[in-house]
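Quick paste from TrEMBL:
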{"type": "TRANSMEM", "residues": "20-43", "note": "transmembrane segment"}
{"type": "TRANSMEM", "residues": "55-78", "note": "transmembrane segment"}
{"type": "TRANSMEM", "residues": "109-127", "note": "transmembrane segment"}
{"type": "TRANSMEM", "residues": "134-153", "note": "transmembrane segment"}
{"type": "TRANSMEM", "residues": "253-272", "note": "transmembrane segment"}
{"type": "TRANSMEM", "residues": "284-303", "note": "transmembrane segment"}
{"type": "TRANSMEM", "residues": "363-382", "note": "transmembrane segment"}
{"type": "TRANSMEM", "residues": "394-414", "note": "transmembrane segment"}
{"type": "TRANSMEM", "residues": "426-446", "note": "transmembrane segment"}
{"type": "TRANSMEM", "residues": "458-477", "note": "transmembrane segment"}
Amino acid sequence: MDLYHYYFYENADQRTKDWFLAGSPVPIVAIIICYLALVYYIVPRYMRNREAYQLKTFMGAYNLFQVLYCVFLITRLIQAGWRPYYFYKCVETDYSYEPKALLMVETTWYLMMIKLFELLETVLFVLRKKQNQVTLLHVYHHISTFVIAYIYTKYIGGSMLTFSIVANCIVHIIMYSYYFMSAYDVALFKFLVAKYKKYITKIQLKRVPRSAMDMNVTVGSGEGFGQQLDHLYTFLVDDLSDKRTIDLPFLHSPLWPLSVLTIYFALVFYWIPNYMSNRKPYDLRTLMIGYNVFQVVVCYCLIRQLVVHGWTFRYLYTCELTDYSGSKDAIGFLYASYLNYLVKLAELSETIMFALRKKRNQISFLHVYHHVFTYLLAWIFAKYVGGSMLTYTIVVNSMVHMCMYSYYLMAVIPDRMPFRLNKLKPYITAIQIIQLFSILVNIMFALRSDCDIPRTHILLYMPYMVVLFTMFVNFYLKTYRSAFSKAMGACYTDGGLKSKAN
């Protein structure tokens, strides 16, 4: 079964499947990526040598629009039958095509549109050079509310959970009225702003537990909720997985990768830093030599395993599906996927070695993001895919890693090298960028309408690859574009282990 088609089409509200932005999740992901690119890269670069925009008139109009729009949403919900008892009474969604039911679900779509429009607020902050207001909480809030509004429109479109919409609109009417008044030097406005400023945050905080209570009533009112969760878990973990992997160690339950990552984060960000606080850095040169040799050898073995069982470079562009049979070549592809998963598990040790050597500057967000998600995606690939044209990622990644870990091996023994390794650093990063771009090309070929690779697998890879590609390009431009000699002191290594900074 194509999990993507099941969850995003068959299991969705059929009334909204053809509505703007209520169908495929791809546009939603694309909007979020564009939002992050605008807020953290494009607009900051544009504003670097410019004065902050004032935007007072625009912001006044925006705040007034928000107030009127929230009144509009509440009015439509009341017309659709919403009443205050939706706070505590179990009211289910009416999925019929009755006028009030359609009015209710249309209102949830209007909610999604305003949450999309609210992403503009962050862009306005950046244009006004109020970067201190672009906090993690702010960005998380706006992205999550937009995604939740999409989910609500696509799957629910009603029920007692509409209480959250009403509560949110009431709070927003108060908030944006406050923002509107605070922007103008009017005596009455100044008096009201000064008097009620301290209550704004309190009102927002009180809205959250009430929405949570609303959710608890919904969950508590359903009989057999635990059984439903159990059935869902069995469906996702057992029924959809590759049955050939049932006896492979560390692969059956998602609790294994979750436990590994919990220990990984605890070691890297708490236990080892505390342990090393009053100790000198460990000299792990011998271990690092062995580790880098191991990586080169195992990457060669991965490539050989796939090539022996039929892999060719046509997997970059031709639609090759997974063979789930028990044939020799099919099992060979499966074992290569499993070996790739074990290699990504071993690569988590690189961050631990950085911590033991007190190389905290190398434990960057890019480094942790890369290793955590490659491990999770390798687990998903081994458990559910185990083949197809997406194995191109394994081959090209192994080729690049053979070059990289050979470089890292030479960096451990620089005294024996006839040239300075610093000259190779830009090329190593460039190779990584080319690798990521080629993987994105592979994903684009897999997205063709005539290719039956489950879209779920592709959607799991594509956002990660886009973000990683963007981060690597940004790193390369910041580090190497002006002058190589200036950038030689610091280079992100994709898990590479070097004895010193060279």
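Placed from the backbone N, Cα and C atoms, the Cβ positions cover glycine too.
TrEMBL entries are annotated by machine, without manual review.
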Can you name the far-off residues of the same chain, 6+ from the ends of the transmembrane segment (458-477), with a Cβ under 8 Å from a Cβ of it?
4, 25-26, 29, 33, 37, 41, 366, 369-370, 373, 377, 380, 390, 393, 426, 429-430, 432-433, 436-437, 439-440, 443, 446-447, 492
Against which stretches of its own chain does the transmembrane segment (284-303) lie, if we need a Cβ under 8 Å and a gap of at least six residues from its ends?
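Residues packing against the transmembrane segment (284-303) from afar: 336, 339-340, 343, 346, 349-350, 353, 356-357, 394-395, 398-399, 401-402, 405-406, 408-409, 412-413, 496-499.
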Can you tell me which of 55-78, 109-127, 394-414, 426-446 gets the most C-beta pairs within less than 8 Å of the transmembrane segment (20-43)?
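The stretch with the most close Cβ contacts to the transmembrane segment (20-43) is 109-127.
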Looking only at residues six or more beyond either end of the transmembrane segment (363-382), which have a C-beta under 8 A from one in the stretch?
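Distant Cβ neighbours of the transmembrane segment (363-382) are 245, 248, 251, 254, 256-257, 260-261, 264, 268, 334, 337-338, 340-341, 343-345, 347-348, 350-351, 354-355, 390, 457, 460-461, 464, 467-468, 471-472, 475, 492-495.
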